[in-house]
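Student: TrEMBL lists these features:
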type     : residues                                    : note
BINDING  : G43, V46, N50, S289, N321, L386, D389, S390 : Na(+) binding site
DISULFID : C148-C157                                   : disulfide bond
TRANSMEM : 37-55                                       : transmembrane segment
TRANSMEM : 67-88                                       : transmembrane segment
TRANSMEM : 109-136                                     : transmembrane segment
TRANSMEM : 233-250                                     : transmembrane segment
TRANSMEM : 282-303                                     : transmembrane segment
TRANSMEM : 315-339                                     : transmembrane segment
TRANSMEM : 374-394                                     : transmembrane segment
TRANSMEM : 415-441                                     : transmembrane segment
TRANSMEM : 447-468                                     : transmembrane segment
TRANSMEM : 488-510                                     : transmembrane segment
TRANSMEM : 530-550                                     : transmembrane segment
Amino acid sequence: LTQPVTPDLLVSPSSQDGDLGSECPEDRGNWTGRLDFLLSCIGYCVGLGNVWRFPYRAYTNGGGAFLVPYFIMLAICGIPIFFMELSLGQFSSLGPLAVWKISPLFKGVGMGTILIVSLVAIYYNMIIAYVLFYLFASLTSDLPWQHCGNWWNTDLCLDHHVIKTGNNSLPVNISNTVSPSEEYWSRYVLHIQGSSGIGDPGRIRWNLCLCLLLSWTIVYLCILKGVKSSGKVVYFTATFPYLILVMLLIRGVTLEGAWKGIQFYLTPQFDHLLSSKVWIEAALQIFYSLGVGFGGLLTFASYNTFHQNIYRDTFIVTLGNAITSILAGFAIFSVLGYMSQELGVPVNQVAKAGPGLAFVVYPQAMTMLPLSPFWSFLFFFMLLTLGLDSQFAFMETIVTAVTDEFPYYLRPKKASFSAVICIALFLMGLILTTEGGMYWLVLLDDYSAGFGLMVVVITTCLVVTRVYGMKRFCRDIHMMLGFKPGPYFRACWMVLSPATMMALLVYNIVKYQPSEYGNYRFPTWAEVLGILMGVLSCLMIPMGMLVAVLQEEGTLWEVGVQQASRPAMDWGPSLEENRSGMYVASLAGSQSPKPLMVHMRKYGGITSYENTAIEVDREMEEEDEEESM
């Protein structure tokens, strides 16, 4: 008896032997451990901002009352956009550039993302270099910023030990004095007195340059093998900060005067909730803390298996990030309360945000503790681990985005390409190691990820829900996770999230304030340069549109714009066994009128996920019937 012959119509041509296999690009790879993805996301989101921005934002915007708008904005803006980014990355297994096969007309959004991330990576690693500098400086018996009398100190320097041990009957006026830690930071580490402003960078500080080189070397070694290596490093860098944070918290709350600081941090002032500024500040904190729009979440999710439960992971990471911020506030303000009592000044006079907290106030507080070098080393080691895994994400985003665009050429040489990127960004960051480098860092910090990032996120949200279509996007998630997103997610994606981010964008433009560092005001040309940095990432979107339309044949609107806005033919899950339902028809060379039959014939029985695919096919047929009627 002859074997039954399967008609060619029911066989996917991609299953036939041929020369196509030799032309396939090298495999992207996946996470090697079950917790790699979750810990990488936690490490990426929980960064320096949780320690040096959230506590300060909380106490200046109503203390404990700030938590109300904070968690509301987390629900409206944070969680939905976070889940959307993870879904796009996991469904397509593509980086921030190639993922725009979903709508090639908007590929400029991906280019804008890469520009923003590159600028942020340059100055973020400089902050890590400062942390390394302080980390090495802590390896002494006496901290170098503990006393006055060093060559970098001025006559304004006042040692807090003098205040404490001096004659208490004579009040000391500290309003016109400078702490030893502040002069150590500005006059020794930065040597900012050698620069007259942003236009006069001065000489390179070689000790900072070496620290920057070391930080780039550490980053490169950790991303050398992509997610296979960085996924293992985060087991340490994402968990160890929590151990140190708990140690600092326990030490902080046992200090005299600690509760004074905590009370200052958490005392609710509900009248602040009537101010729009407080709600905007809460949304900004959520927006930047979770790292949405930078492409890191999308990149990490692209290395997941197709059915990874990112719905659960979304809530673990976003809520864990919020709890970490609150916990860090206790650790910081307990020490600031002790410090204010030691100096005899109110807490609001010692509280600062950003680099001022990390490199001036907290190091000064460390000098007041027994075993001060030990606590200082722990604090800066915590900052190092917090900063590194965020930097891993930035670098992985850039490398993955470009290698996914040119998989045949760059994937086999990913390690070499990563080295080229690291060297290029190191050379661009050399200006930050000069005596006037802090002015450039402030400029980059203020403008690189400002309104440009918001435009990118708003555009992404609108394209996915309105151009690609909410029904289609929910159907993709259904195919991937086995269930559709509920009304909460759909309402946020369609209305609440884009509306909130547009309000943020308008607020940022209306309330625009020129950059400044201390008493230094930036010149007009520096402001223009900063604004151009933000505008350039926005301009990538219309430039990308123009390129996409010109690549299409036909008239501008009828064919060009409409065709370029539709998903590319090969859009969908990257692995053949995951391309069920409508996506089987888009496999290379597929001719089958019944895509699901081909899929089932090739891969065997019906799994629970293929059951979902049958439902998806049925829904599509019903929708087609409704449209034809």
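In case you wondered, yes, glycine gets a Cβ from its N, Cα and C as well.
Please go over these features one by one and say how buried each is and what sits next to it.
Tutor: Proximity of L386 (Na(+) binding site) to non-local residues of its own chain (separation of 6 or more, Cβ distance below 8 Å) is seen for V46, G47, L48, N50, V51, P241, given in sequence order.
Non-local neighbours of the transmembrane segment (282-303) in the same chain are 28-31, 37, 40-41, 44-45, 47, 49-50, 53-54, 57, 61, 66, 69-70, 72-74, 77-78, 81-82, 85-90, 92-96, 99, 110, 113-114, 116-117, 120, 227, 310, 318, 321, 325, 390, 393-394, 396-397, 400-401, 449, 453-454, 456-457, 460, 500-501, 503-504; each lies 6+ residues outside the stretch with a CB under 8 Å from one of its CB atoms.
Within its own chain, the transmembrane segment (415-441) is flanked in space by residues 118, 121-123, 125-127, 129, 190-198, 200-205, 208-209, 212-213, 216, 219-220, 223-225, 395, 398-399, 402-403, 517, 520, 522, 526, which lie at least six positions past its ends and keep a Cβ under 8 Å from the stretch.
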Student: Suppose we draw a 10 Å sphere around the Cβ of N50 (Na(+) binding site). How many other Cβ atoms does it contain, all chains included?
Tutor: 24
Student: From the Cα of D389 (Na(+) binding site) across to the Cα of C157 (disulfide bond), what is the distance in angstrom?
Tutor: 37
Student: Using a Cβ cut-off under 8 Å, which residues of the same chain at least 6 positions beyond either end of the transmembrane segment (109-136) come close to it?
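Tutor: Distant contacts of the transmembrane segment (109-136): 48, 96-100, 189, 207-208, 211-212, 214-216, 219, 293-296, 355, 358-359, 363, 376-377, 380-381, 383-384, 387-388, 390-391, 394-395, 397-398, 401-402, 425-426, 428-429, 432-433, 437, 440-441, 444-445, 448-449, 452-453, 455-456, 459-460, 463, 533, 536-538, 540-541, 543-544.
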Student: C-alpha of S289 (Na(+) binding site) to C-alpha of C148 (disulfide bond): distance in Å?
Tutor: 37
Student: I'd like the number of other C-beta atoms within 10 A of the C-beta of G43 (Na(+) binding site), please.
Tutor: 28
Student: Using C-alpha atoms only, work out the spacing between D389 (Na(+) binding site) and C148 (disulfide bond) and round it to an integer in Å.
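Tutor: Distance (Cα to Cα, whole Å): 36 Å.
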